[in-house]
């Protein structure tokens, strides 16, 4: 696991006016994206890995021995456009087959933190689902959590604490009241390790589970849920429930807010940030093209949005690929990217002391 030798020279606000992106090639632009001090709020730790990392563990466990490396990646991962959230979930469940012991989880967490630092992330809120990770091979969720926390701690120490990492707990398998409550209880039990609670996977209306979310909040954790992502849902009820009943502070994805002027005004009134994941939305067929992605409409309407990578292991992408897409297809500027990262820092679930320190250092 390679530790970067040189520190990233992050851009300051005053540096931006001297940078002309139009005169740069792709490689030069990526150097700029890396130097933006990024706050990433929506990334699934349990689905953050490189193709090389994934193949290492597939071969170690002798899975798919008759497939070439390319065939393995195509079989498990989700790198092509035009599929669906349902197909993505099916593939993600198949990926969980590699979660066979706690060593891989510690290794994965360590790798993920180091890679995020290399990408120029200064504050990283990872999220993971204990029930998802344990689903294939019955790993103990307490030991899963211990492995992830240990891997994160080891990586941040290796990096001399140059990246701050926080954790969000997800409830996402089963969707029964018992399953969601179990995840909520787990988050509360480990509230000193988690900063927030989420619901992911298949998008559902969570109104019948409001008591779990209110209980989690009452124990000091912040709330965000996946909502307004799935373009196939017949209405926007998941968003209204998230805002009006769960009283979330952020929404995972939330791009369908753009379909309703009422919702646009509602998220602005409630100071809710949308954790937007552009490449994910395209690959899961929730937007027709990057040129028509609603993040531009939302940003221009004054909705707080941030840029995120979602499941970079499944897509074999990173956070800077998302910046490149937004620049090429929607003409986002460096000033606008800095604004979004300021919003992300403001709406992060970490404590105010950490926010103040990071703001002084980078913003």
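Here the Cβ of each residue, glycine as well, is placed from N, Cα and C on the backbone.
Here Swiss-Prot flags 42, 44, 226, 310 as Zn(2+) binding site. In the three-state DSSP scheme, residue 226 (Zn(2+) binding site) falls into the strand class.
According to Swiss-Prot, the feature purine D-ribonucleoside binding site maps to 44, 45, 46, 172, 201, 229, 253, 310. All protein chains considered, the CB of residue 253 (purine D-ribonucleoside binding site) has 26 other CB atoms within 10 Å.
Taken residue by residue, the region 'Gating helix loop' (170-184) breaks down under DSSP into 8 helix, 2 strand, 5 coil. Sequence annotations record features per position, and here Swiss-Prot assigns region 'Gating helix loop' to 170-184 based on similarity to another entry.
For residue 172 (purine D-ribonucleoside binding site), other Cβ atoms within 10 Å of its Cβ number 25. Here Swiss-Prot flags 172 as site 'Important for substrate specificity for S-methyl-5'-thioadenosine', drawing on similarity to another entry.
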(request) To the nearest whole angstrom, state the Cα distance for the pair residue 253 (purine D-ribonucleoside binding site) and residue 226 (Zn(2+) binding site). (result) 6
(request) Find the longest CA to CA distance in the recorded purine D-ribonucleoside-binding set 44, 45, 46, 172, 201, 229, 253, 310; express it in Å as a whole number. (result) 20
